[in-house]
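Residues or ranges marked as acetyl-CoA binding site in TrEMBL: 119-132, 155-164. Annotation source TrEMBL lists domain 'N-acetyltransferase' at 1-185. For 56, the entry in TrEMBL reads site 'Crucial for catalytic activity'.
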């Protein structure tokens, strides 16, 4: 993919890493040069991200400069010194995301997994080994194993790529758009630690809590599981809940003046002293 400017000035190496700064890693120049580089790299990201979306049949690109700026994801860009200005030949977008995934037994796990979010090699340079070079470079830089990656909406080409180069073939069906392989859980073992033993009533100082009472936050699936296993959780009883009071805050905590009309209706003494009788 060609551009109107010389891309070689931003690609000190054949593959560069771009983060939410929209600058190549290790790029240090004066303020004017940084602003110009940010503009040029943004153009590269937008154009090659659009090309990737068209190649995958997506209605909107996954990779844009704006999306990268507002995230902690990373984009690896590959270039070649071809022609006057050089060309950009591929991109690989990765990042860690919090996912709920099923294992082989159908149990749900919450994991913070590294994900492949976008992968594209320009049509003119496909089947030349560039995809393997770019993908392996990312694995080495991030210290990832291909088995521990979750793939976001992989194309048939990407599925074949992983099967050919990394022997990944046995997937576990998921309810979301991500594809994980059987070896995935050998590397991602962190689970959701929430259970009924730590479930509590949720209290706030909000006026809504004072009006409607506390809210109970619990995982119903965990509750059923623990009931089946004969476990009980130390939860507050209804008597305890009835004795709980939440102190109001802000303007709701201000002392209210007595209402004179209410005192007259209920025949209660007023707080304002009556006017003394005048002698005429």
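In case you wondered, yes, glycine gets a Cβ from its N, Cα and C as well.
All TrEMBL annotations are machine predictions without curation.
All features noted in TrEMBL, drawn onto the structure.
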{"residue": "56", "record": "site 'Crucial for catalytic activity'", "DSSP (3 states)": "helix"}
{"residue": "119", "record": "acetyl-CoA binding site", "DSSP (3 states)": "strand"}
{"residue": "125", "record": "acetyl-CoA binding site", "DSSP (3 states)": "helix"}
{"residue": "131", "record": "acetyl-CoA binding site", "DSSP (3 states)": "helix"}
{"residue": "156", "record": "acetyl-CoA binding site", "DSSP (3 states)": "helix"}
{"residue": "162", "record": "acetyl-CoA binding site", "DSSP (3 states)": "helix"}
- Query: Cα of residue 56 (site 'Crucial for catalytic activity') to Cα of residue 156 (acetyl-CoA binding site): how many Å, rounded?
  - Reply: 9
